[in-house]
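So that you can see what the record holds, here are the features copied from TrEMBL:
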DOMAIN    25-288  domain 'NADH:quinone oxidoreductase/Mrp antiporter transmembrane'
DOMAIN    290-343  domain 'NADH dehydrogenase subunit 2 C-terminal'
TRANSMEM  152-171  transmembrane segment
TRANSMEM  178-195  transmembrane segment
TRANSMEM  201-221  transmembrane segment
TRANSMEM  233-255  transmembrane segment
TRANSMEM  275-294  transmembrane segment
TRANSMEM  324-343  transmembrane segment
């Protein structure tokens, strides 16, 4: 793919997301979502591999169905209320349909089946775009309609996503599928808390992007694709081995790393609203996710301090690249937790 076409596609991705985030009319929001979807399809299938073509087809069918549901719910609401404003979603059936459509776009359970398959058929760079940038537009619509969306539907789908994300990642050896189920679990936390506190949902999304980005960059630059590859990370990129281990533990929500902060505040808010059973279920379910993060971190920790050998390390990274990644990842994985008292809503 030529650099000009790549630039046009990336610009279209950014434009579609910005249109959706800046719009208050349902048709404009739908147009932004469609532009976003059409721009990512050539990026997914640019390798011309059958797996990549399959992934782009699955992504297109799922996103097209979700966009059709969004358009149908907005038309239904406009017919009932005479308003096309996003902030005036008053029809109960339209609220439920919109919630299901946004859940399908995000990858919440039980509409999550497309996300692991699409990520497995994509490259790590494309996967990074899918789990971070592509979540911004649907999450913006969810945050705009947080007090009008179906609370029961979001709570059930969010809690189910946390369970499915934890269980699905247990038996995976492909890191892209592990990342996909991790994304499902984190999106479940966001969907569960968004109807109770939209500020905490935004905090969850921000911390997830800040921690997932350096983790994916570490996997990209160390050419790590499976759990077996993690055991040889030290010989290829010794500076990234401890860094990746720390970001994985932070993504799992292990205290005192900063990934623990949004989960802590979410559980505190649920307990304050007398939702103790829901908070207990989320806390127990996130232990499943933490288990496979610990398993991946153990694979890295074996190689962080290897036994002395006479073989020389084959470094793939230049020192300046490793230093740049270190400066990006360490603040997001460690230093945000002391700011917790300042971030309480």
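Keep in mind that glycine also has a Cβ here, set from the backbone N, Cα and C atoms.
Same-chain residues lying 6+ beyond the ends of the transmembrane segment (152-171) with a Cβ under 8 Å from its Cβ atoms: 96, 99-100, 103, 108-110, 112, 116, 177-178, 181-195, 278, 281-282, 285-289, 291-292. Regional average pLDDT for the domain 'NADH dehydrogenase subunit 2 C-terminal' (290-343) in the model is 58.
Beyond its flanks by at least six residues, the transmembrane segment (275-294) meets 155, 159, 162-163, 165-167, 169-170, 172, 178, 181-182, 185, 189, 192, 196, 248-249, 251-254, 263, 266-267 of its own chain at Cβ-Cβ distances under 8 Å.
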